[in-house]
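Straight from TrEMBL, the features:
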TRANSMEM  60-89  transmembrane segment
TRANSMEM  101-125  transmembrane segment
TRANSMEM  189-209  transmembrane segment
TRANSMEM  216-236  transmembrane segment
TRANSMEM  242-263  transmembrane segment
TRANSMEM  284-312  transmembrane segment
TRANSMEM  351-368  transmembrane segment
TRANSMEM  434-456  transmembrane segment
TRANSMEM  462-481  transmembrane segment
């Protein structure tokens, strides 16, 4: 059965289909999408119906808009982390380093997405700024360890083994202080990436540990992540609630009610192998395919009109000021037209013990999130669960790119974005080429700084409206991992509920009792606060321990058929080998036997 539910009209007929007069008869093919999807769901109840599978390439215009939708998801965190780093380093509001940090962050996200999609895990998953790295940065600021009150003869940073060294450092100017702190972040990031993700992925150790991650752990990790993100839409929506509500209602309307509205798009897309198949008109469910893009454009335009009409205040201290379209004009002005990040642009990397420890815990939290994302994306794309070598290579890629990010001066690493899974589920497009294009767009925006700055100038309520629906769907995607789990089992219910509640209670308790952890060592206190304050990490770790120590059968835990998960029906090429295997490696393994034993490369197979 043809599983591409994009209906087409006016297919060019073959010569045998011409009537006796030599006139080409054009037929209109309008498949019943509902009936087709229903039949497919009965045949493969656990496999999603995809318009474009992992190995398929949508038309360029469609791919471009889909890629921009994914890019929009990452820019908010790019801006947030780069601003946090600049503030932590005591950079002035008009300091050019702010634009450099933002452009470098966008460039790193694009580079990591391209590498991860091409040779890393090789499934369409967006790489973005890891929110886990905000923890150490914010704790440094709130704890007063790095202070901007004094920029005289001494850097106010004095931690652990670095105390004596840093006390002897003389800062001639505030600019030197800013660059000195940024280089400490990047040096600590590089070392922590090497000893965590590069080590775990390169040695293959993580591939063995991933056996401990079952559907319950995946559910707990992703659901906890979605639930812990609730402050983000609250913060964005609080700027101007009417605009945020408008965006939320449009997302609900597009995703849930207008999915059957098709718009004919004139295209010519021929199959070279089958010259008789030539689609001239493609019917596209436009609201289901581009819900985020359409909602953002409409609400952004609404904010522009209200800004020109003088509805929003001019006072930056007013919450509604964040709804103006000109609030980030400084970022656009400061961003260069052309900017090429290079290693050492802020100076030679330096090391800080406390930052290193904080970043190590951030990497470990990111690993749990990434593994869960790999499992969820594999299910959303209808492919096999990622094999051991692919998980090793995915985490290794994230670690290597974290080292690269540190070398370039980004001050943060990247991780897999769970929001990307929501886009796949909504649009039913799982093409790897779309993600490669999204990474390329980020690279372009990083190099042409003003382009990226314009997209980053989205008013806060615009993103707040769409994130309510996106984060809600993220929670439901986490819950969907329980399809194979026996939910009538008291054992499973206890593990699931205890894990979710433990992470929620501990993280919220720590917010209300910030000074309750006092071991006498400032660095250890910060690490414990970071770990215990990360709901996803606490819940995920609790579920791993309980799920693997409480007695239960593999069938009861939903792990009995994970290796036999069927390939998706969205692509004829979505097989275990073609999705996760790196092209050309099998030929090299045939010539160089040593490559057959590398844990992050696919197993050697006789052909």
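Placed from the backbone N, Cα and C atoms, the Cβ positions cover glycine too.
Note that this is a predicted model, so its numbers are computed, not measured.
Nonlocal intrachain contacts for the transmembrane segment (242-263), taken as residues 6+ away from its ends with a CB within less than 8 angstroms of a stretch CB, comprise 7, 33-34, 233, 236, 283-288, 291-292, 294-296, 298-299, 302-303, 306, 323, 426, 459, 461-462, 464-466, 468-470, 473.
A Cβ distance under 8 Å defines the sequence-distant neighbours of the transmembrane segment (101-125), meaning residues of its chain 6+ beyond its ends; these are 54, 74-75, 78-79, 81-83, 85-86, 182, 331, 335-336, 339, 341, 345, 373-374, 377-378, 381, 383, 386, 390-391, 393-394, 396-398, 401, 404-405, 408-412, 414, 416-417, 420-421, 424, 430-432, 434-436, 438-447, 449, 452-453, 456, 579-582. Against the transmembrane segment (351-368), stretch 189-209 shows more Cβ pairs under 8 Å than any other of 60-89, 189-209, 216-236, 284-312. Across 60-89, 216-236, 284-312, stretch 216-236 shows the highest tally of CB pairs under 8 A with the transmembrane segment (462-481).
Each of 60-89, 189-209, 216-236 was scored by its Cβ pairs under 8 Å to the transmembrane segment (284-312), and the highest score goes to 60-89.
Packing against the transmembrane segment (189-209) from elsewhere in the chain are residues 349, 351, 356, 359-360, 362-364, 366-367, 371, 388-389, 391-400, 402-403, 405-407, 410-413, 599-600: each is 6 or more residues past its ends and has a CB under 8 Å from a CB in it.
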